[in-house]
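A.B. asks: Feature table excerpt (Swiss-Prot):
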- 28-100: domain 'Collagen-like' (DOMAIN)
- 29-102: region 'Disordered' (REGION)
- 30: 4-hydroxyproline (MOD_RES)
- 33: 4-hydroxyproline (MOD_RES)
- 36: 4-hydroxyproline (MOD_RES)
- 42: 4-hydroxyproline (MOD_RES)
- 42-51: compositional bias 'Basic and acidic residues' (COMPBIAS)
- 54: 4-hydroxyproline (MOD_RES)
- 57: 4-hydroxyproline (MOD_RES)
- 63: 4-hydroxyproline (MOD_RES)
- 70: 4-hydroxyproline (MOD_RES)
- 84-93: compositional bias 'Basic and acidic residues' (COMPBIAS)
- 208: N-linked glycosylation site (CARBOHYD)
């Protein structure tokens, strides 16, 4: 009778132990907390953290020692306001005597140029019925028709003008516009040389620009002067005909 209850007791204990192992939870109640342990040894230093943001600027430090070298020159500033007019200075020393007017070449040259311009203006004004400027030249006419030699004389008062002689297409077009306006022919400042067909300006230089009518010149030395048609083309002609006088200045 005593052996059965003892065997039953062992069986219950075995079953109770099996239940505790499977659930890993003991059914016993928690015990009373123990006393805190003593402080352990200090741990090792941790790894460096990420770089933080820059801090605010610190206060200005005291002045340094010796001054540094001067810096480079800056840019030129804007001009300032005009200053007040200064007082009149003392007269300078008297200069050396100048040359008499008739011996001063520069003065004589200037006076000659002024005289030339005055006479040239007078010549242009005497032909002021029609004037046309091309480059540095002025072409003018008084509308009168005369023989070549009379035209030559009327264009050269005091040697400031001459009979118009085109030396470029632009000048030829300008003279042609005057001829067309008056609806007549005009003499040009050209003459035939000793050799038939060779023409020269009145200063003796060979002609470097021409605008002959087709087939001209064909006077074969008998027509020494040159006339311009209303279309601007040229023809050789004897010098006794009456043609429009056009001058250039």
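The backbone N, Cα and C atoms fix where each Cβ goes, and this holds for glycine too.
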A.B. asks: Whole-number Å distance between the CA of residue 63 (4-hydroxyproline) and the CA of residue 70 (4-hydroxyproline)?
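C.D. replies: Rounded to the nearest whole number, the Cα-Cα distance is 17 Å.
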A.B. asks: Kindly assign residue 63 (4-hydroxyproline) to one of the three DSSP-derived states: helix, strand or coil.
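C.D. replies: SS state of residue 63 (4-hydroxyproline) = coil.
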A.B. asks: Taking the domain 'Collagen-like' (28-100) alone, what is its mean pLDDT?
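C.D. replies: Mean model confidence (pLDDT) across the domain 'Collagen-like' (28-100) is 75.
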A.B. asks: Between residue 42 (4-hydroxyproline) and residue 208 (N-linked glycosylation site), how many Å separate their Cα atoms?
C.D. replies: 114
